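Among the features that TrEMBL reports, region 'Disordered' is placed at 1-51. Marked as compositional bias 'Basic and acidic residues' by TrEMBL: 8-21. Annotation comment: TrEMBL describes 40-51 as compositional bias 'Polar residues'. Here TrEMBL flags 84-101 as transmembrane segment. Marked as Ca(2+) binding site by TrEMBL: SER197, GLU198, GLU249, GLU318, SER379, GLU431.
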Amino acid sequence: MRRKVNRQGKDQADDSTREDTTANGESLVNGEISEKKPTQRASGSFQTSNATMEEDKMISIKTVTSPIRPVEANGIRLRFRMKVIVAVVAFVALIMLFYPSCKTTTYPADRFGQQTAYNSTYPMTAPWFSDRGTHYRIALITDLDHASKNDEKTWKSFFKKGVLVIKGDRVEVIWDESKPTVMTSSLAQGGRSMELSELTVFNGRLYSVDDRTGVVYEIVQTGDKTVAVPWVILGDGNGRSTNKGFKGEWIAVKDNTMYVGGLGKEWTTTTGVVQNTNPQWVKTIGFHGDVAHHDWVENYNAMREAAGCSYPGYMIHESGVWSDIHQRWFFLPRRASQLSYNEADDEHRATNLIISCSADFQDIRVQTIGKLNPIRGFSSFKFIPGTQDQVVVALKTEEDRGAIATFISVFRLDGKFLLTDQRIEGDFKYEGVDFI
């Protein structure tokens, strides 16, 4: 009896039938001899039966397909592993893509906690808008001279805040109802301190300079309190020739660097005898507090010559600003004269000049702004944000026979006034203004 081949190519044998072969090639089935008679073709060759061919075919298929099965399983595993690898690679790529923005803040710090990028935020508080116009927070700071003495061991300065509103050519200033904040310090030189001469936003923070000690303070506001925190100390002149503090009068920001300037004239006696040129130096301060000293004698002299005040004439500066838009320096001199310096007459030599200079001071332009009041000179100014550095807010101060007053005004560079001199409440000399 022949084997039966199932569809899966497996041999099936009848349990009751056993096939043996004799030595003569005869089949012995259940003990009986049966003859195998192959089918003979017409050509005389032997032809296997269809069942035998089917059996051979299935056995051949089994022989071929059996080894493939584990390969198919391996292929499935391989494809699964490849999918996992692709998913992991894609995930890692996304992590690397977004990792810098997640790790780096706007103003990152190095491993010592020191800020590594300049904070260009200005103003410090975002403006807001209404039907009345654009609202900006502003602040002022005082130089009280001898009146800055607070008690036996401290000196004081006043910090005043308000809102400037501008709409087209209309401007109004609204001061906070609360009284100015009192800031104190115990750092002094020669019994004087906290005679703060300017107010400027730098590196996203607010700073002022004491024209007596040379200390640059950061003005820190915490809740209802305003504190003057010492930052750096500026030495007079080249920074290495005297133990006196620098008499800083104006602060500007250029190329992420703070510029602190002095009076801009030679240091003289009360009758005009020249002692040194220390006030004609300028200090630069990086946002890490690194200080450099620069000789600006030629720059200051070039400005006063352009205004017709060559030596022995003089020009006193208390305000200066660099404009990134115009790529020029702007100065509003407080006082100037074609005559030599004299302390008694100096209080009546205010100017109404605006001077603009190229970065190298080779191109200097001088023009007048408004009417001249000989006892009311500029002490600070800033360009109003959003005006393309065309509109200026400025402070003017009066010191006449002991009487002191401060005025605020707004004007365009073309000379048009949007707000004429408006007196600020209090008999104080405010020498710094900025947008906070």
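Placed from the backbone N, Cα and C atoms, the Cβ positions cover glycine too.
Locations of recorded TrEMBL features on the structure.
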{"residue": "SER197", "record": "Ca(2+) binding site", "DSSP class": "coil"}
{"residue": "GLU249", "record": "Ca(2+) binding site", "DSSP class": "coil"}
{"residue": "GLU318", "record": "Ca(2+) binding site", "DSSP class": "coil"}
{"residue": "SER379", "record": "Ca(2+) binding site", "DSSP class": "strand"}
{"residue": "GLU431", "record": "Ca(2+) binding site", "DSSP class": "strand"}
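All protein chains considered, the CB of GLU318 (Ca(2+) binding site) has 28 other CB atoms within 10 Å. Taking the mean position of the Cβ atoms of SER197, GLU198, GLU249, GLU318, SER379, GLU431 as the Ca(2+) site, the remaining residues of that chain whose Cβ falls within 8 Å of it are ASP143, ASP211, TRP250, SER319, ARG334, SER380, GLY432.
Its own atom aside, the Cβ of GLU198 (Ca(2+) binding site) has 27 Cβ atoms within 10 angstroms in the protein chains shown. Between the binding-site residues GLU249, GLU431, the minimum number of other C-beta atoms within 10 Å of a residue's C-beta occurs at GLU249. In sequence order, ASP143, SER208, VAL209, ASP210, ASP211, GLY248, GLU249, TRP250, GLU318, GLU431, GLY432 are the residues of the chain that are 6 or more apart from SER197 (Ca(2+) binding site) and have a CB within less than 8 Å of its CB.
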